[in-house]
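Quick look at what Swiss-Prot lists:
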- 268: active site, proton acceptor (ACT_SITE)
- 135, 228: S-adenosyl-L-methionine binding site (BINDING)
- 103-315: domain 'Adrift-type SAM-dependent 2'-O-MTase' (DOMAIN)
């Protein structure tokens with residue numbers, strides 16, 4: 001029996017095991033007290049990266065089994081229906097919205113609430129949420145702060161990429177931007193003529209520096225920085241980490257330029273096998289008393305998503321560190337930021353996270369999804385019927401573990417009335 005999941009289907013489908021992580025996965029990384037030596041193009045002995053490259057190959061081999069199904073609209077549709085059926089949180093979002101008076105209850109909302117409930121941050125009353133629209137993180141923090149922490153106020157600023165074309169819609173599905181314009185740092189393309197125009201693109205070094213400046217001018221201190229950025233890679237999931245390197249570097253750098261001492265950080269990542277990603281984690285380890293790689297239970301186990309969490313920032317950048325990192329973003333290359341041979345103990349902990357989250361949990365869930373596809377291709381209703389009782393048990397358990405309470409009307413975020421619905 002799997003260490004992660006169990007379910008007894010009975011009869012001809014007694015093999016059926018729901019994919020439900022029993023625990024919030026959290027792997028701690030050691031703080032680095034030695035001096036930080038940033039390099040423009042650090043070299044790394046191949047032996048250090050060998051097991052990470054092997055992990056990448058093993059995971060991609062399993063992902064590749066789904067690739068042929070993505071080529072035909074009919075099989076692609078069926079695959080996503082199957083994966084939706086084995087999503088243990090499907091339906092929970094509506095329950096949370098209506099039972100607890102919650103807002104913008106997306107999957108991002110569930111993940112952020114779970115992170116806040118599990119990580120025991122010292123203060124989250126003032127937050128900068130980057131790469132944020134449609135607003136699930138802000139809404140979850142607002143709900144948590146008022147119902148669990150009982151802060152008298154919640155102050156926030158946020159940013160997201162503003163589309164360059166007037167014909168492209170801003171992802172403001174719930175009206176959080178429209179109804180709270182003073183809380184947002186990015187600007188419409190209509191303001192391009194302004195000297196300090198910033199569209200929220202964190203892959204541009206000048207934007208990053210300017211966003212951090214705007215954030216700290218409007219909100220001081222910043223107790224919590226979050227960033228949930230990710231580029232749509234289409235069907236090319238094997239290159240998801242590589243294609244997001246610059247974006248994830250930019251969103252991390254924005255946070256490190258704006259987060260106050262004593263503050264906490266939550267950053268979205270995917271796999272953690274590329275030398276540049278590993279070096280970025282090494283950089284984080286110099287700034288936070290506690291550093292973790294996490295996988296919330298509400299983060300779908302079929303995907304490679306991870307969240308890096310830093311608790312209690314110990315120091316700010318030196319002018320030289322800021323200069324080197326901004327220059328690297330401006331003239332980006334994906335060589336390591338530091339000499340990885342100086343961080344072998346930390347890299348052992350990162351690899352344990354890779355094994356736990358990707359080589360065990362994700363691969364097992366992907367294999368489970370493919371088995372369900374083969375057995376339930378034309379029997380999706382039957383699959384849903386099998387899983388429905390277990391989903392209810394698990395969702396009820398999640399609500400108890402994460403201590404949900406009703407949000408008072410006076411503490412709700414201001415949203416545009418026409419777009420306050422939730423994602424099922």
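Including glycine, each Cβ sits where the backbone N, Cα and C put it.
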Reported as an integer number of Å, what is the Cα distance between residue 135 (S-adenosyl-L-methionine binding site) and residue 268 (active site, proton acceptor)?
15
Determine the Cβ neighbour count for residue 228 (S-adenosyl-L-methionine binding site): the number of other Cβ atoms within 10 Å of its Cβ.
21
Fewest other C-beta atoms within 10 angstroms, as judged across 135, 268, which are the recorded positions:
268
Integer Å distance between the CA atoms belonging to the residue listed as 'active site, proton acceptor' and residue 228 (S-adenosyl-L-methionine binding site)
5
Helix, strand or coil: which one is residue 135 (S-adenosyl-L-methionine binding site) in, per DSSP?
coil
